[in-house]
Each structure stands twice: as C-alpha cells, then as structure tokens.
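S.K.: These came from TrEMBL, pasted as-is:
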type     : residues : note
TRANSMEM : 25-49    : transmembrane segment
DOMAIN   : 39-288   : domain 'G-protein coupled receptors family 1 profile'
TRANSMEM : 56-73    : transmembrane segment
TRANSMEM : 85-118   : transmembrane segment
TRANSMEM : 138-162  : transmembrane segment
TRANSMEM : 198-219  : transmembrane segment
TRANSMEM : 240-259  : transmembrane segment
TRANSMEM : 271-290  : transmembrane segment
Amino acid sequence: MRNGTAITEFILLGFPGIQGLQTPLFIMIFLIYILTLAGNGLILAIVWAEPRLQSPMYFFLCNLSFLEIWYTTTVIPKLLETFVVVRTVICIPCCLLQAFFHFFLGTTEFLILTVMSFDRYLAICKPLRYPTIMTSNLCLQLALSSWVVGFTIVFCQTMLLIQLPFCGNNVINHFYCDVGPILKAACADTSILELLGVLATVLVIPGSLLFTMISYVYILSTILRIPSATGRQKAFSTCASHLTVVSLLYGAVLFMYLRPTAHSSFKINKVVSVLNTILTPLLNPFIYTIRNKEVKGALRKAMTSLKTGHAK
C-alpha cells in the first residue's frame, strides 16, 4: 500500500501543446467520427437489405462494422471534449468503464479478423467443401465465440481493477483511459493485474497474428497454383481487403509494442493510437467497398431505388 490522498477522478491530457489547433482538430475528428458511423452503418444496412450479400464473409464484415461503430464511440466523444475544455475530467467509474469497453472491443476486433482469415482460407483452399463447412450455425458460433472470449478476457481483469484504491497521480497523459496510467495511480500491489495483462496481450495479439499468417501462407500457396492469371486475380481480390485491414491494425500495434524502450516515445504511441482508434474504423468501409464489385453493385442498386422512390 502507498500512502496518499484518495482520488475520485482522472484528468485526461489529450494532446497538450497544440495551442491554436484545437478548433480545426475538433472539426476534423468530429467529421471523421460522423463518416465512420455513416460508413460502417451503411455496410450493415446494405448487407441486411441485399440477399446476394447474405454470405459468411459479409456476416463477419457486419460484425466488424458493428464493432467499429462502438469502438470509436467509446473514445472519440471524450477526445473531442479535450479540445474544447481546459481540464478534461472523468470520474473513476467512468474511466474504468471506458477502459473496459475500449479493450473489450479492441480484443474482439483481433478475434473477428482472425475468424475472417479462417473464412478466406476455407473459401480459397477448400472451395468445394466451403458451403458444407462454413454453415450459418458455424458462422454464428465463430462470431459469438469471438465476442464472448473478448468480453471474458477483459472482464476478468476489470473485476480486479475496480477493487483497487487510487491515491497516486490522477493525470493520464492520453486521450482515453489507458490501463497503464490507471495502474500507476493505484495504492495497492498491481503485479497480478500486470501479469494478466501481459498474458492476455501475448495470447490475443501474437496468437491471432500467427493464426492469420498461417492462413495466408496456405491462401497464397493455393492462389499461386491457379493456372490462369484471371483466376489468380479473382481469388486474391476476395481476400485483398481483409489483408489490407489486418496489415494496418497489426502494423500499428506491433510498432507500439515491439520498439525498444529506449527509443519509444509516448507522443508517437499516442499518434499510432489515433490510427487504431480513429482512422482504421474510418478506412474499413472504404477498403471493403472500393474494390468489391458485389458491395458496389448493391450500393448502385440502393441508390437507384432511392432515386426511383423520389421520382414517384
């Protein structure tokens, strides 16, 4: 136990030292948030409305889009507040709740992307058996398992976290409630929580990355054995969007966690966190639609229906 005055709130610093840029940054991030909600919401609406998109790949994409909507919503509103108020305060229960949802949804995103890589593996490497293996029941079980595992991993740690007394420094040098600064403010031994955090990180990030890499080794080897160039291009196009999203997400995370401590900069980590929490959810709808003929066809069909409805 450490001696000190008990604290009841945390202060989020956000991005200090940006005097004069608060208003343009507020407007830019607010517009990104609106576009993220609109883009991911549009994917949900299109897949739900278009029978041709009722397939496992788009079912998992809907899970990802639904997740991204809430993932950004846990962070961006409070981030916007740091641009308009001098002192951004968040109560301890609210801070712990934000941390829970941020890491729960972040963990689930890794698991959903891993499931999507397994789906692409079956579709390309086992095309004849794919319809009988990837049934609607299996899709539901895989998606539900991703959500349940993500929830369980983070919930167990959060239950231990909320029992800690806090009496240390209540300033969090971030734009959301990160676990590291929260643990530093605790007045009790946090070694068990830190160990659990390391184990969860190793299990989720390298574990899911290894599974995804193995899936893509088999996918690429299968694509290279396709005799026609058109066939290879068509096969690769079905997983190019997923591979792009995976590269963005894991690239940012590995950049933060694998750099030597001596060369690490917390400012750089915050910028990379912006990529994960703000830009990646914005880019996902565009990445999955820009080269996807089925989604673009469904969009054109929806636009035509809207124009026809207005004309009547």
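The backbone N, Cα and C atoms fix where each Cβ goes, and this holds for glycine too.
I would like each feature placed in context: is it buried or exposed, what are its neighbours, and how far apart are things?
M.R.: Proximity of distant same-chain residues to the transmembrane segment (56-73), defined by a Cβ-Cβ separation under 8 Å and at least 6 residues beyond the stretch ends, is recorded for 33, 36-37, 40-41, 43-44, 47-48, 101-102, 105-106, 108-109, 112-113, 115-116, 119-120, 123, 134, 139, 142-143, 146-147, 238, 277-278, 280-281, 284-285, 288.
Long-range contacts of the transmembrane segment (85-118) within the same chain: residues 7-14, 57, 60-61, 63-64, 67-68, 70-71, 74-75, 78, 142-143, 145-147, 149-151, 153-155, 158, 161-162, 166, 172, 176-179, 182, 200, 204-205, 208, 211-212, 215-216, 239, 242, 245-246, 249, 276-277, each at least 6 residues beyond the stretch ends and with a Cβ under 8 Å from a Cβ of the stretch.
Packing against the transmembrane segment (138-162) from elsewhere in the chain are residues 56, 59-60, 63, 93, 96, 99-100, 103-105, 107-108, 111-112, 114-115, 118, 179, 182-183, 192-193, 196-197, 200, 203-204: each is 6 or more residues past its ends and has a CB under 8 Å from a CB in it.
If one looks beyond the transmembrane segment (198-219) by at least 6 residues along the same chain, the residues whose Cβ comes under 8 Å of a Cβ in the stretch are 107, 110-111, 113-114, 117-118, 120-121, 124-125, 153-154, 157, 239, 243, 246, 250, 253-254, 257.
Panel annotation: around the transmembrane segment (271-290), residues 29, 32-33, 35-36, 39-40, 42-43, 61, 64-65, 68-69, 71-72, 75-76, 102, 106, 174-176, 241, 244-245, 248-249, 252-253, 255-256, 296, 299 of the same chain, lying at least six beyond its termini, place a Cβ under 8 Å from a Cβ of the stretch.
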S.K.: Could you pull the average pLDDT for the domain 'G-protein coupled receptors family 1 profile' (39-288)?
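M.R.: For the domain 'G-protein coupled receptors family 1 profile' (39-288), the model's average pLDDT rounds to 88.
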